[in-house]
Amino acid sequence: MKLRRFFQIFGLLAIVLTIAPFVAADYWWIRVFDFPHIQLTILTGVALLLYFIKFNIRWIEDYIFVAVLIACLVVQVGKIYPYTSFAESEIGDSTKEFPSLKLLTVNVLQKNKDHVSILQEVERLDPDILIIDEANLEWLEDISPSLSEKYMYKKEVPFDNTYGKLFYSKLKMVDPKVHFMVEDSIPSIDTKLLFRGDTIQFYSIHPTPPMPQHNPSSSDRDAEMMKIALRTRDAKYPVIVMGDFNDVAWSNTVTMFRKIGGLLDLRIGRGFYNTFNAKNFIMRWPLDHIFATEEFRVKRIEVGKDIGSDHFPTFAEITLEPDLAKDQIPERPTETQLENARKQIEAEKEEDVEKAKEKSEEK
């Protein structure tokens with residue numbers, strides 16, 4: 001009886017964890033439940049299987065429990081199924097070998113003292129575009145000399161707050177800019193890149209996560225994503241967005257980001273490609289992303305080697321094939337989604353006003 005009760009309590013927990021991400025609130029203790037959907041799906045499936053094996057399903061509470069777990073499992077599988085190899089790819093495979101564009105984004109973990117492994121990984125993968133997040137002045141001084149020999153173009157914004165960003169490119173940058181969209185210490189980068197006669201619009205972001213020690217709400221993170229999405233939506237050129245989003249691929253915010261921005265996810269139909277936490281095999285999910293518009297095709301995706309960080313590098317090789325863009329036009333956002341995006345931006349502004357008031361009152 002105690003074992004049966006344990007399973008029923010687990011069922012209630014599964015309900016809470018499954019429903020929580022759908023709650024329209026930006027508190028960190030709600031948004032964090034977006035992350036472990038793979039693990040929750042496995043646990044729910046195992047619990048359901050064990051319940052069938054261990055108990056005879058004959059009481060009304062048994063039927064209720066099983067029905068609830070099945071419903072939770074359906075919702076959970078629905079969330080992560082697109083990121084399995086069983087689903088249809090959102091962005092098609094490359095139809096040509098050359099020329100290709102190699103992309104690498106990696107959060108090196110500011111306190112990580114292994115500054116050699118990332119250089120070895122760059123040498124191995126030979127990316128054309130390289131984004132390094134969590135780079136402070138120490139990281140800059142250690143790796144910039146070597147990378148500057150390999151990359152003609154760069155934009156380096158080191159910070160000591162775990163939000164520094166280094167950008168290196170073999171492609172010529174046109175009008176590169178550093179923006180501070182939500183805070184004056186959280187940089188993002190945008191530039192145009194010249195690629196064999198074509199122009200590409202490039203963005204890289206690293207928004208704050210919804211965690212108590214960083215930011216108790218997800219307003220800043222969500223607003224930064226929506227601001228970039230509205231820009232990519234109006235872009236005149238093919239777009240690439242990459243970086244550590246501090247959010248999982250299947251979250252409501254990232255899904256809306258893709259739809260608002262007219263972006264495609266390289267992972268969909270190919271695999272999870274989990275990048276965080278590199279130090280915990282069980283609690284691992286995809287936080288580092290590469291998104292592109294319909295003009296691109298995917299040649300390969302790879303999770304990089306361990307570089308001593310809590311993130312694995314994220315690598316992709318893509319081709320620019322605008323003639324095939326019509327075959328993978330992204331789903332257009334609804335007016336409701338556009339309105340929600342604007343509301344998220346306004347919510348961040350209101351939160352900033354409140355923070356400013358609190359600081360002035362403290363003085």
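Placed from the backbone N, Cα and C atoms, the Cβ positions cover glycine too.
Taken from TrEMBL, the feature transmembrane segment covers 35-53 (among others). Sequence-distant contacts of the transmembrane segment (35-53), counting only residues of its own chain at least 6 positions beyond either end whose CB sits under 8 Å from a CB of the stretch, comprise 7, 10-11, 14, 17-18, 21, 65-66, 69-70, 72-73, 76-77, 79-80, 248, 250, 272, 274, 282-283, 285.
TrEMBL lists 60-81 (among others) with the feature transmembrane segment.
Feature annotation from TrEMBL assigns domain 'Endonuclease/exonuclease/phosphatase' to 104-311.
Look at TrEMBL and you will find 322-363 tagged as region 'Disordered'.
As annotated by TrEMBL, compositional bias 'Basic and acidic residues' applies to 323-363.
Outside the transmembrane segment (60-81), and at least 6 residues removed from its termini, the chain residues within Cβ reach (under 8 Å) are 7-8, 11, 14-15, 18, 37-38, 40-41, 44-45, 47-48, 51-52, 87, 250, 272.
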